[in-house]
Amino acid sequence: MRPRFLSKYILKCPRCGFETEASPYVMRCPRCGELLDALLIADRVRLNWGGLRGRGVWRYRELLPEPGNTVTMGEGATPLIRLRGHGNAYVKFEGANPTGSFKDRGMTVGVSLALSIGVKGVIVASTGNTAASAAAYAARAGLECLVVLPKGGVAKGKLGQAMLHGAKIAEVPGTFDNALEYVLEAVLSDGRVNNVNYYPLNSINPWRLEGQKTIAYEIVEEIGVPDYVFVPVGNGGNIYAIWKGFRELVDFGVIDRVPKMIGVQASGAAPMVRYWRGLGEARIDNPRTVASAIRIGRPINWFRAYRAVKYSGGEFIEVSDDEILMAQRMLGREGIGVEPASAASLAGYLKALGEGMVDAGDKVVLIATGHALKDPDTLLMNSNVNMVSVSSLDELRSLIVAQEPGI
């Protein structure tokens, strides 16, 4: 039976067209195995776009599942910052969320749903940000949290967050892809949740993605419809969610077009680029990149991400680790501190500018998915500002002169 808070949704397979009533437990199509989309039923939505109240993710509650027990820490309403020297380019700084990444948007919805259906806890595989967010929101809800991580593959800042919030942590050999396989085998059977204790909140879960689509809503409220949105792509759920948000606003008559979605991957972890170019399946073995948050070789949401880019008239592009690190430094010099995966969006934009894919006058939004403090080791490695020791006031005074800033 469909919970009342999902009554304005159906689940539909984008591949074979199968439809079923909305359920928190059904993730895959029983006919073809594809991940199901959560679609709003238009005549059950009472949207007054000009009369929205509140702020953050739940400002858009008419377009979201509405469990009775809302677990929130004020996520969303993140800054949209105009870049110097690129007059029409903006950074959507998701590092300003409570645990420092865009995952909080999804977790406020996902954990609220988990609490409402009465499970004991939540379970996720993670490259780090999902673990940190799930652990924090589960703690807030009074639920347990089990995170499954690739051994040695998670940045210290993110691992520390999950530990701080009391998560149970299991490390597995291999990559994130292996960790996700463990989780899905443990809690799903034939695409349905089979575990009454731990509810899965990876991006296979369409209800978590509903929270993430609010990025699109906030962009539209602040600057209207951009021409392009650049999104770092790892598991592929976020670019789909953002595209879905724009698509819904078209369907409800709020906007008249969807921006072109540009998926950016690191060259050493670019299965979507491989598939987009017709070079094989959307999977690679042993993904490698300094951007650990997008170090994923077998994106579970590959078909969702593909549809977002294809149907928006966008593109998948790849950037090198050197380009990512340079972009991280550039953003840092503008006061915007992001982890490497976030900087991939700027690196992709600069590459697209250089290749003529976009024009300097185009209105562009770059999604910066996580805060710089998520990965302190890379942050320190990528800084070329020299520290000096001073032992006297005169030595300190000698430093107080006009100098060229480091780059």
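Cβ coordinates come from backbone N, Cα and C, glycine included.
Quantities reported herein were computed from a predicted structural model and do not represent experimental measurements.
Among the candidates N88, N129, N178, N286, the residue that TrEMBL annotates alongside G234, N235, G236, G237, N238, T369 as binding pyridoxal 5'-phosphate is N129.
Here K103 (N6-(pyridoxal phosphate)lysine) is positioned 9 angstrom away from N238 (pyridoxal 5'-phosphate binding site), judged by their C-alpha atoms. In the shown protein chains, 29 other C-beta atoms lie within 10 A of the C-beta of N238 (pyridoxal 5'-phosphate binding site). Calculated from their C-alpha atoms, the gap between G234 (pyridoxal 5'-phosphate binding site) and K103 (N6-(pyridoxal phosphate)lysine) amounts to 13 Å. Taking the C-alpha atom of K103 (N6-(pyridoxal phosphate)lysine) as reference, the shortest distance to any of the binding-site residues N235, G237, T369 belongs to T369.
Neighbour list (G237 (pyridoxal 5'-phosphate binding site), Cβ cut-off 8 Å, at least 6 residues apart, same chain): S203, R208, L209, Q212, I300, N301, R304, A305.
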